[in-house]
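Here the structure comes first, spelled out in structure tokens, and everything after it is commentary.
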Amino acid sequence: MGLKPDKWIREKSLNEAMITPFCEGLVGEGVVSYGLSSYGYDIRVSDEFKIFTNINAEVVDPKDFNENNVVDFKGDICIVPPNSFALARTVEYFRMPKDTLAICLGKSTYARCGIIVNVTPFEPGFEGHITIEISNTTPLPAKIYANEGIAQVLFLEGDEQCETTYSDRKGKYQSQTGITLPRILKQQ
């Protein structure tokens, strides 16, 4: 399994629409950087957010998530409250090759401010926007800048193609657009 370089990422994105829209260079002046880097791609956070609230004083249950636990926000700057959490999505839409897994890591610019980004791996055959989990670990409000970098994606090509892709098994987040809240498949 090998880490893929900029040339491979560019070719897959331009010829097979792996990343749409695709930024061929690294944009970094006056913004949190985004675009193609040496061995990865820095994704942007869109201007759509879901910010957690405790107005209803409910327990967060991943098996029975209540949409009233979040407040929708759209704007150029999202303020995540102290010790709180927000969901967002990427500007980019991904179409993962059947022999490639992607791992996403938060940007150090945000991490150095106490803002932690989590994204689960992009599995082979996955397609859709990426839902981003943002934690403000500080006792202060934190700014997230829409349409700027939020995390870096690293692409790992397998030595051989997997038997069953995310698409083949009809993954519950396949073809997601916008911010997708937790889903649990119901037993038949």
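Think of each number as a place in line: the chain as shown, counted from 1.
Cβ from N, Cα, C; glycine included.
Annotation comment: Swiss-Prot describes Glu133 as active site, proton donor/acceptor, evidence class sequence analysis. The Cβ neighbour count for Glu133 (active site, proton donor/acceptor), using a 10 Å radius and every protein chain shown, is 14.
For Lys107, Ser108, Thr109, Tyr110, Ala111, Arg112, Gln152, Tyr166, Gln176, the entry in Swiss-Prot reads dCTP binding site, with the evidence type sequence analysis. Note on Thr109 (dCTP binding site): other Cβ atoms within 10 Å of its Cβ, all shown chains, come to 16. When secondary structure is read from DSSP and collapsed to three states, Thr109 (dCTP binding site) falls in the helix class.
Taking Cβ-Cβ distances under 8 Å and a sequence separation of 6 or more, the neighbours of Gln152 (dCTP binding site) in its chain are Ser37, Gly40, Tyr41, Asp42, Ile43, Cys104, Leu105, Lys107. Take the Cα of Glu133 (active site, proton donor/acceptor) and measure to each of the binding-site residues Thr109, Ala111, Gln176: the nearest one is Ala111. In the three-state DSSP assignment, the secondary structure recorded for Gln176 (dCTP binding site) is strand. Of all residue pairs in the dCTP-binding list (Lys107, Ser108, Thr109, Tyr110, Ala111, Arg112, Gln152, Tyr166, Gln176), the one with the greatest Cα separation is 34 Å apart.
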